[in-house]
């Protein structure tokens, strides 16, 4: 450097002295050349300023390379040894003059660190110097965004990217406290300095402090990061299904409620189109309610309520239903060949709501998805279309398929036929058995489509179609029969059936084998009874090739002829019962089997001895629910009678949850069943059936069964019901009850001048009642006293004073006089009542009883009228001498009738009856009246149960045939036990009856009219 300056000075002075003198110039040139020669011999020196450098990442710095000496080239080299070119952007090299060169590092980074070298060259002379550049990173937050948002429940990764050299230490703080990772497993500081929060919650929301420290330099810096936790919306439809009627101008309201953070926005979509407020739709402010105006059928479908916020979105569908019955719009027949890869049956249907389409074939129903383990049958449904795909088509797939479209309104069914073309399939038993002279049909069942032609072969030659003597061919659409009648051993052997159609040919070989008689059946044991024996046997080991037709059982007394009987062979027949044996007798028995070829050998005879005469064996019974469900039909089969004829069967039953049995029923010996009616619904009953002979009763045959559950609706006429609804029956009962009340009121009006009709007549029509007579008399007397010119009003009494039968004369016949014989029991009841009542009554007993008997009903019905009479304990009629003809004479003897009306319609106190009432006529005992009672009830009695095997028992009250007709005057029966006639009880009833009779005062004019009160 110094040398260069000297050279420059010398040059400047040379030009100055050039014009002074030429000698001086030459001297100067000589001196300059000497200096030049001496400088070329001196060394080059290089120096870099500054000698070392530290640069922060991102900062810029330059280095100056100064050369002492003459240097032609000054170059800089990177730490990698690569020469730094002048056109680089990050590192720039510039040469300001011949002795200096500048190296500038712009925006340094860690890659800029290293040893840089400055090299100066001049010919073969070279000098160099180096400088070490160190790059350090101060704390720099490359990425620490705020706020940072996360969805609730996610694993949050809070980003805080910090760089420095050396790497900083990251500390996280929340709510002023350092996060202790070791104490809360939800927190984790990642290797990159991020903070991870597992399953972040809404409570984790807030400000987080990301602090970076470099201990070597004591450097610290931080960033505050706001963490926001967004909550995914929750949505709930107020109604998942909304029903509307189309084309009536009505509107439909669809609504859903949504929650979340931040507050979600609610929109509605239909068919992937977002709905907005307009002529058709209307939305409220927050969008939660959608109103569809003027609903049409095209509006039917699913509407989606969508709630969306930063955390995501949730959707809920609301269905708008416009009800229309399903209708199948597309279903066609198809034809396919067997073993084709697949065939697809398609069924389309319309309807609102969208109908569910199902397939069925024969007894099998196909639903959505794969229908078989081999995946050959698959059902796929989309919208209103359903397809049934049959893979690897089999001939069994042919047939009629049913497509059913159904929704909540109804359903529609249509059939389609799948035609499968396939080669013949031959089926049938390979082996056939027969014998010489016995024709047999070898059947070759052919399944083919289209129909196949069948040819039979014998020894490789076709059997002629013309029927010969021993070979005949019969053909049906599905079976070809070859009838073979063997005439010799040559006819047995192999026969072939060949079937051919357009799809192919199939062969099948059949064998005709000569049959044999069966082997001997094995007789296991004999179980004897008094008159029967049960033999148990095993089937023959070999049937001879043809089925067992029957079994022959033979039995005898030792040394006598065999008695035999044949029994048809049924499935699983392994025991036979022999009937008609004598008690306590020794027999022997054997059995043989018979098929079409012949009879087997008989089994060895097995001896047995019947039991002595004893009670019968228990009947074998079967019980099943009968008719409407609350009836049971009990069937029984007679077993061994014990050597003595069955006298009768005894049946009893009870509900299992009670201990008391219903009354035992005795049925004839030829009865086979009985029907128990009127049972409780849904109740388990236990039934016992016992057979009885002279020796005693058998063990009971026992069965238990539960009645059906009570139906919720009244069965229609087809099921044996009345066909009337519950409301109709209630209405009929109300009408009947009203008519009954009206009839009673009218009867009271005409007979006793009382009742509602009498009150109406008195209050509105002005007609006086029977109690108004004394009042009229008093008013008339007062008027006569007050005004003597007026006549007393006393004529109003004449109507009742001249009433017939007021005296003791005979009763005149009228419209209420019975045309049939009145009940003698009624006649018997008059005497005690007459003796207990005052003598001034206005009506006779004959009148009251004749009124009760005015109906043309039977005498059993007439007995009901006298149910409250004092002789209620008498169950039967008296002897014929107590006929109605004698009744008037008995009444006639008492010229002053002492009986009043038997109906108490007044409010006056009742006079207690006499303590010792004495009947005027004795009551006949029940034994004396049994025949009369039987004749009385003949006209309403049911047919004798002994003449029919079907005995109807209508509930607990009808426990035996003898209870079909019941005298209403007899005491009630409880569980089939009649209450016996008791004289003491009869007297008590007389007292009770007389206590109900109103005592009439002796002086009729003193009545005050209160008798008319109801």
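Backbone N, Cα and C define each Cβ position, glycine as well.
Annotation comment: TrEMBL describes 773-803 (among others) as compositional bias 'Basic and acidic residues'.
Marked as compositional bias 'Low complexity' by TrEMBL: 811-830 (among others).
The compositional bias 'Polar residues' feature in TrEMBL is assigned to 847-860 (among others).
Look at TrEMBL and you will find 861-886 (among others) tagged as compositional bias 'Low complexity'.
For 887-897 (among others), the entry in TrEMBL reads compositional bias 'Polar residues'.
TrEMBL lists 910-925 with the feature compositional bias 'Pro residues'.
Sequence annotations record features per position, and here TrEMBL assigns compositional bias 'Polar residues' to 926-950 (among others).
Annotation comment: TrEMBL describes 977-990 (among others) as compositional bias 'Basic and acidic residues'.
Annotation source TrEMBL lists compositional bias 'Polar residues' at 1004-1014 (among others).
Sequence annotations record features per position, and here TrEMBL assigns domain 'Ig-like' to 44-134 (among others).
For the domain 'Ig-like' (137-221), the mean pLDDT of the prediction comes to 91. Under the heading domain 'Ig-like', TrEMBL lists 137-221 (among others).
Annotation comment: TrEMBL describes 233-321 (among others) as domain 'Ig-like'.
Marked as domain 'Ig-like' by TrEMBL: 326-419 (among others). Each residue of the domain 'Ig-like' (326-419) gets a DSSP state, and the totals for helix, strand and coil are 3 helix, 61 strand, 30 coil.
Under the heading domain 'Ig-like', TrEMBL lists 424-513 (among others).
The domain 'Fibronectin type-III' annotation in TrEMBL covers 517-613 (among others).
The feature domain 'Fibronectin type-III' is assigned by TrEMBL to 615-711 (among others).
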Original post:
According to DSSP, how is the domain 'Ig-like' (424-513) divided among helix, strand and coil residues?
Top reply: 3 helix, 56 strand, 31 coil
Original post:
Can you name the far-off residues of the same chain, 6+ from the ends of the region 'Disordered' (597-616), with a Cβ under 8 Å from a Cβ of it?
Top reply: 435, 438, 515-523, 525-526, 528-531, 533, 535, 537, 540, 544, 546, 552, 554, 558, 581-591, 639-644, 646, 691-693, 695-698
